[in-house]
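These notes are about the structure you will find just below.
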């Protein structure tokens with residue numbers, strides 16, 4: 001689309017939208033299955049066609065496996081490398097000779113750990129499977145000729161923690177993309193959880209609902225993609241797939257104008273609320289009284305106030321539930337809206353899904369359990385209202401990029417093969433704000449397109465925190481049908497004391513649902529506010545065996561592990577057009593803070609009752625191996641950091657060798673490392689990622705291994721000693737104020753203590769290379785061929801470290817990094833300066849100490 005936009009000019013989107021067929025879209029270099037994949041379900045599909053389906057349901061997704069011409073060499077090379085690693089260990093033990101034996105011992109332990117960690121990572125990748133939804137089959141089965149549908153209900157959860165770190169515009173774009181998704185309006189409800197309890201979030205949601213009355217029918221009429229307006233209007237020449245191109249120009253202009261006005265209203269909310277509150281406080285409060293925050297209807301806001309008080313502040317306020325949009329059968333409850341546009345939606349469905357605002361109650365006396373607590377509050381509140389069979393959750397900085405995504409997940413949940421035993425469907429995470437070079441590996445395609453497809457061939461992918469659809473009863477801790485008992489007891493000790501909620505759980509288990517929620521009443525709202533109160537889930541099974549798991553910084557992995565451990569499976573859904581997109585932290589410090597929380601949470605899981613070695617009684621063996629790898633990988637960083645600092649030995653006048661004979665040792669290492677990258681090359685072939693994706697993954701792992709991962713290990717040690725968990729820090733989505741540079745955050749260097757080790761490693765390797773150059777000048781005539789070979793091999797290791805730390809070196813340069821050639825010049829200059837200093841010091845010492 002970019003090239004077309006450039007050819008058409010900046011106004012091409014209005015003057016001449018690019019036309020495409022309804023089935024068309026952005027051009028893809030390779031089909032959904034990829035050239036290295038082949039169908040793996042031919043027999044199943046043939047049998048289903050012949051029998052008509054065992055239970056009347058068709059096969060709703062296609063399964064592909066890696067072709068044998070690529071898979072068999074891949075597996076063979078893994079086995080060969082395993083043998084090579086074992087032979088390397090045996091050789092090192094037999095030749096236990098070193099100039100520093102304590103360092104030799106640590107290095108052997110490190111090499112054993114490297115081998116073990118590599119094996120944990122590699123074993124689950126023996127059978128990658130790609131699964132692609134069959135949207136045509138789903139529509140044929142569940143969409144009726146009268147325009148209605150028999151698809152099951154979906155409750156969509158959006159979570160936001162802070163309107164500052166997570167800008168309101170991002171959150172509202174997420175909500176708009178959900179309201180406009182291609183799913184039956186009467187079977188979809190959106191719940192926004194606001195952990196700040198701020199009035200500005202609620203009023204922004206009301207404004208969003210009003211704008212949605214225009215945006216949603218516009219999207220339906222013209223088949224808009226994506227359906228988040230901020231992302232859509234950034235496209236210079238939108239690809240048009242609708243059926244009314246002659247009306248598009250006028251509609252586009254009107255909606256774009258309305259969206260700009262909508263953003264202005266969002267920007268003015270803070271001042272409007274402040275002025276309104278001042279006015280009401282001057283009229284309705286006495287001098288000395290607390291200054292309340294007032295809603296537009298003249299009532300005090302029950303959440304946090306602008307001028308905070310003890311019970312109206314972030315972290316201490318009552319629970320709030322407000323239905324912004326009622327069920328479509330009863331019509332929206334926004335009041336009469338005066339039309340300011342001339343758009344015609346005569347043949348377009350203008351109804352909107354249900355929209356609900358939730359802010360769970362908070363009290364300093366209770367642990368709020370971070371994101372997991374917010375999700376569980378949404379789970380309980382939604383059960384009293386819509387009680388949909390399926391749930392999908394989003395972080396507020398993500399949006400639906402493919403309007404068919406919710407239907408795509410249903411293809412797996414409703415399939416006749418393993419649909420009933422599928423607990424959740426995970427989608428890949430994609431980001432649209434990452435710099436073109438992806439300096440800090442934010443796309444992480446090696447994981448999302450490689451590791452996750454490998455797990456798809458086992459019991460299924462792990463839960464990744466966002467863009468994941470769940471079966472409600474799986475979150476309730478109910479066993480899958482293959483393991484489920486007939487009589488399931490729903491008691492208050494496990495689920496809490498709310499009788500209506502207990503009744504909703506029974507209905508969920510027995511699939512006794514009405515597609516129309518109960519009428520909104522004061523009694524219903526009061527009960528919903530009760531189940532989101534701060535103390536409701538205390539002394540119950542919530543956060544343990546029910547809902548999202550508590551007491552761990554990363555609720556996603558451990559929640560998925562708990563569900564897999566009950567015998568459920570999961571599926572990984574890949575689509576031609578990415579299902580969801582989001583915002584990633586392109587600032588190095590924010591990115592590393594995010595990694596500390598993820599890796600720290602993984603370590604917490606290892607030292608919990610959900611340890612993969614002992615937990616999950618029904619989890620498959622290789623699935624258990626994958627979870628073990630996810631929980632212990634940060635430990636690898638300790639040995640990497642040690643090796644990365646070893647170049648300081650160049651500063652020692654005498655020759656120091658970790659292992660003797662040194663040449664054979666280095667050759668062994670080179671062969672083993674080379675085999676890793678050959679295996680990686682085969683992986684990127686079947687995963688469909690690029691060499692740049694693979695290389696950025698390697699570079700950022702080195703940066704993380706000298707900063708974030710050791711910090712996470714340190715946090716874990718402190719946790720074990722003091723019982724204080726990983727501090728939950730919301731990753732800031734605010735960008736540096738630079739309207740002229742979309743990637744200004746990339747060049748903003750924010751120094752924090754965890755960057756010290758990486759800086760030391762970088763300086764040590766720069767110094768080591770400079771000293772090596774100096775020693776070459778000083779001792780070239782005296783060194784033997786073996787000594788020259790050893791020096792060259794050691795220097796090769798230093799250069800390799802420098803190449804891996806190249807993105808970090810750019811980060812240090814700040815805005816100078818916009819011209820990377822500067823670094824290419826600075827590094828040789830630094831090497832030369834160190835070299836000259838070494839030579840000068842050597843000559844000076846020889847002058848005074850001739851011996």
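Note that Cβ sites are derived from N, Cα and C of the backbone, with glycine treated the same way.
What TrEMBL says about a protein is an automatic prediction, not a curated fact.
Within the listed segments 100-120, 121-141, 142-162, TrEMBL records transmembrane segment for the stretch 100-120.
Cβ atoms under 8 Å from those of the transmembrane segment (74-93) belong to residues 66, 108, 111-112, 115, 118-119, 122, 125-126, 659, 664-665, 668, 671-672, 675-676, 678-679, 682-683, 686 of the same chain, restricted to positions at least 6 beyond its ends. Counting Cβ pairs closer than 8 Å to the transmembrane segment (793-814), the top stretch among 700-721, 751-773, 821-849 is 751-773. Below 8 A, the CB atoms of the transmembrane segment (751-773) and the transmembrane segment (632-653) form 3+ pairs separated by six or more positions in the chain. Separation of the C-alpha atoms of residue 556 (active site) and residue 370 (UDP-alpha-D-glucose binding site): 12 Å, rounded to the nearest whole number. Here the transmembrane segment (665-688) has long-range neighbours at 30, 34, 36-37, 66, 70-71, 73-74, 77-78, 80-81, 84-85, 88, 91-92, 118, 122, 125, 128, 445-446, 449-450, 453, 658-659, 694, 793, meaning same-chain residues at least 6 beyond its ends whose C-beta is under 8 angstroms from one of its own. Mapped onto DSSP classes, the compositional bias 'Basic and acidic residues' (35-53) shows 10 helix, 3 strand, 6 coil. Residues 103, 106-107, 109-110, 113-114, 117, 120-121, 599-600, 602-603, 606, 702, 704-706, 709-710, 712-713, 716, 757, 760-761, 764-765, 767-769, 771-772, 775, 794, 797-798, 801 of the same chain, all 6+ positions outside the transmembrane segment (632-653), place their C-beta atoms under 8 angstroms from a C-beta of that stretch. Across the residues annotated as binding UDP-alpha-D-glucose (166, 195, 370), the widest Cα-Cα separation comes to 15 Å.
Residue density at residue 370 (UDP-alpha-D-glucose binding site): 23 other Cβ atoms are found within 10 A of its Cβ, drawing on all protein chains shown.
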